[in-house]
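Asks: Got a structure for you, written out below as structure tokens; questions coming shortly.
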Amino acid sequence: MTDEPLVLGIETSCDETGVGVVRGRTLLANEIASSVDLHARFGGVVPEVASRAHLEALVPTMHRALEKAGLRLADVDAIAVTAGPGLAGTLLVGVAAAKAYALALGKPLFGVNHLAAHVAVDILEHGPLPRPCVALLVSGGHSSLLLVEDVTGTVRPLGSTVDDAAGEAFDKVARVLGLPFPGGPPIDRAAQEGDPQFVAFPRGKADDGTFDFSFAGLKTAVARWVEKRERDGEPVPVADVAAAFQEAVADVLTAKAVAACRTYGVGDLLIGGGVAANSRLRSLAAERCEAAGIRLRVPRPGLCTDNGAMVAALGACLIKAGRTPSEPEFPADSSLPITEVLV
């Protein structure tokens with residue numbers, strides 16, 4: 001296979017149906033169908049609803065991606081699919097489809113780690129990954145710090161959330177403030193008009209000497225503060241609360257990420273995951289990395305959220321590294337550890 005393999009990637013770990021096509025490090029197509037509107041009235045992702053949405057959206061999304069890339073499915077060199085972690089039912093939809101296509105076409109199939117794919121996607125924008133680098137991955141389901149020596153096989157977990165992920169906290173605080181689901185974008189927009197110093201919300205595990213995160217206490221503190229204002233008959237300054245909450249999240253995430261770089265003598269920090277689209281997280285990370293002499297890499301927002309291009313990018317990296325394709329009977333694994341980049 002060539003050094004620039006043509007790879008189709010399938011992503012169904014949560015509520016986005018993603019199909020991407022890459023040629024080596026070149027992005028050819030990245031099509032996404034989101035079921036977020038179906039989950040909005042529940043205030044969170046409903047696994048059964050998400051699984052059914054994937055069943056309906058996967059084939060049309062694949063057709064759009066192939067059309068955008070100007071290819072037929074038979075043209076691809078390999079197929080990559082998210083095998084985990086994620087929601088068990090939604091993962092099964094993507095894995096089953098990928099296996100069927102690979103078998104029918106006689107193509108090699110790579111079952112890959114969702115978190116490692118969030119790291120690998122940066123090659124599509126900024127070129128080969130530095131070795132080593134620290135990766136901060138922040139989404140609705142994950143808040144993790146990783147030491148990435150080689151995204152195709154040597155990834156070491158440094159810390160993770162001990163309770164709520166940052167994205168989950170955004171969703172719950174948005175609900176408290178009467179903002180729509182998912183909470184990240186509306187909180188970011190509201191915060192533009194607010195004062196980040198309006199309330200000094202707590203920073204969980206900020207000074208505990210670990211690289212773990214905790215956002216449950218912050219989420220609860222915001223809810224209690226809002227409840228007290230409402231009991232007292234006072235208006236809730238949504239923009240100020242959003243800005244103060246967002247500042248607390250960005251403060252902890254960036255402080256620990258920079259500390260991890262210093263501790264391990266690493267000069268490059270990569271930030272990925274859906275929350276990486278947050279404007280304050282990006283700006284504060286840039287400020288702190290510049291002050292610490294650390295090079296910062298953050299993909300554009302469209303590559304930070306769950307998508308098929310990131311899966312295809314990791315597949316291309318694995319092929320270039322000479323990794324053997326997955327066995328046909330590999331399972332979807334909702335709790336796949338980051339140490340298993342390829343199943």
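Just so it is clear, glycine is given a Cβ too, placed from its N, Cα and C backbone atoms.
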Asks: Could you look at D122, D171, D268 and say which one Swiss-Prot places alongside L137, V138, S139, G140, G141, G184, D188, N278 in the substrate site?
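Replies: So, going by the record in Swiss-Prot, that would be D171.
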Asks: Could you check what DSSP calls H114 (Fe cation binding site) once collapsed to helix, strand or coil?
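Replies: In three-state terms, H114 (Fe cation binding site) counts as helix.
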Asks: Can you tell which of G141, G184 has the least company, meaning the fewest other C-beta atoms within 10 angstroms of its C-beta, among these binding-site residues?
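Replies: Result for the binding-site residues G141, G184: minimum number of other Cβ atoms within 10 Å at G141.
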Asks: Highest CB neighbour count within 10 A among the binding-site residues H114, H118?
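Replies: That would be H118, with the most Cβ atoms nearby.
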Asks: With Cβ-Cβ distance below 8 Å and at least 6 positions apart along the chain, what are the contacts of D306 (Fe cation binding site)? List them in sequence order.
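Replies: The list for D306 (Fe cation binding site) reads E11, S13, C14, E16, G18, I32, H114, S139, G274, given in order along the sequence.
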